[in-house]
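The block underneath contains the structure these notes are about, expressed in structure tokens.
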Amino acid sequence: GDIANGEQVFTGNCAACHSVZZZKTLELSSLWKAKSYLANFNGDESAIVYQVTNGKNAMPAFGGRLEDDEIANVASYVLSKAG
């Protein structure tokens, strides 16, 4: 996906609750721990796409709010930050 666009979409829709940096805004909302989570999927962006589309626990589903390509771009961006 388009990482630059994914960063823009992330900033506009996800950054209020999530951080992709090691410094955490809130313990539960940081994606820093996603590095180990994402490693379980061997770089498969589909797991991120699924969670963003369908939501989980307190996180709302963005499937009706964002276009499929925007969600794919967010997944690419998050995965790029997870290293």
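Every residue, even glycine, has its Cβ placed from backbone N, Cα and C.
Looking up LYS24, LYS56 in Swiss-Prot shows the N6-methyllysine annotation sitting on LYS24.
Cβ neighbours within 10 Å of CYS17 (heme c binding site), excluding its own Cβ and spanning all shown chains: 15. Remark: of the binding-site residues CYS14, MET59, the most isolated position is MET59 (fewest other Cβ atoms within 10 Å of its Cβ).
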